[in-house]
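Everything below concerns the one structure shown next.
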Amino acid sequence: MKKHHLRHALLVLSAAILLAVSCSFSAASASASPPASEKKIAVWEAAILGVVEGITEYLPISSTGHLILASHALGMTQFSETRGPLGTLMVKNDAMDSYNIVIQLGAILAVLGLYRKRVKQMLKGLSGALAVLVSRRSVTALGDSERQGLKLLGLLLLAFLPAAVFGKLFHEVIETYLFGPLPVVYALVAGGVLMIGVEYFFWLKDRNRLRISDVNSMFYRQALFIGMMQVVSMWPGTSRSMITMIAGLIVGLDMIAAAEFSFLLALPTLGAATLYSGYKNWHALDDSAGMLALAVGLAVSWLTAVIAVKALVRWLTHHGLIPFGVYRILLAGVLLIYFWQWR
């Protein structure tokens, strides 16, 4: 996997969004278009959303911001007549929201496959710990690999906990007041500036600092800090991968370890969101998408996520996050221009 593959992935993403935007103009000229809440997702639309989800979920550029743009361009979401404290909001569409969350399963499966050795290590550690408890033996009976796997599992669960609690308490508030163009634009710009600043001050200017290169060598306080920072990503447009990667750099991980922990942390975080949303809105999801569209979205999301993760790791080995920060700021400008015409 070479660095030009990341450029190819971004070109595919741009093409998918441009196709969606062009469809929005043709749909706008058609008078018989159904309301977004009644629109059934076509297979080709599912493929576009799968590309957008798969590429943007792990790149630090905000999957939510891209999905809001693509969903609206495809006529699947609409603006509300009411305004929130940060401007116009999107009409709540449980089926569409659930579809965007459920196709995250493709991205989850991508990380499960790419980091299967880490996953096996954690499962081995968990099974070893359970065996020790059942047999009432000492924890010292665990092997080195089992102890490392158990520790990594503990690090991930600790980092996942803040988002789980905050999400349960404030999920409705976030959906009610923050799912709109301006909150996403603010988050894209703030995240872009933050990414550029953190890389400059915590990475480029601190090259000689001894950093952790193996996630198994992390301390629990570092995992907790990353988890607390992950809460910020619940603001639409922030990017979960962006905020967790820069949090990793701040606490002393090197670039690759920060990315790896971010990818692994996606397993419980995205997994919980996918299961909850799929269970809660399954009937609406089945009515609006259908099994074929859902399967296509999942498959495309998985394939593009595999490509994106491999390309990102290769890119970060030789480059950094600053180009993504610049991209976020440019994307914010595109979103402002696009949504201004629909005001």
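Including glycine, each Cβ sits where the backbone N, Cα and C put it.
Per Swiss-Prot, the feature transmembrane segment maps to 9-29, 95-115, 150-170, 178-198, 245-265, 289-309, 320-340.
Sequence-distant residue pairs (6 or more apart) of the transmembrane segment (150-170) and the transmembrane segment (245-265) include at least 3 whose Cβ atoms are under 8 Å, placing the two stretches in contact. Contact between the transmembrane segment (289-309) and the transmembrane segment (178-198) is not supported: fewer than 3 Cβ pairs lie under 8 Å, counting only residues 6 or more apart in sequence.
Under 8 Å from some Cβ of the transmembrane segment (178-198) lie the Cβ atoms of residues 60, 62, 64-65, 68, 84, 86-90, 92, 235-239, 242-243, 246, 249-250, 321-322, 324-329, 331-332, 335-336, 339, all in the same chain and six or more residues away from its ends. When Cβ-Cβ distances below 8 Å are used as the criterion, the transmembrane segment (245-265) is approached by residues 58, 60, 111, 114-115, 118, 152, 155-156, 159-160, 194-195, 198-199, 202-203, 209, 211-215, 218, 221-223, 225-227, 229-230, 309, 312-313, 316-317, 320-321 of the same chain, each at least six residues removed from its ends.
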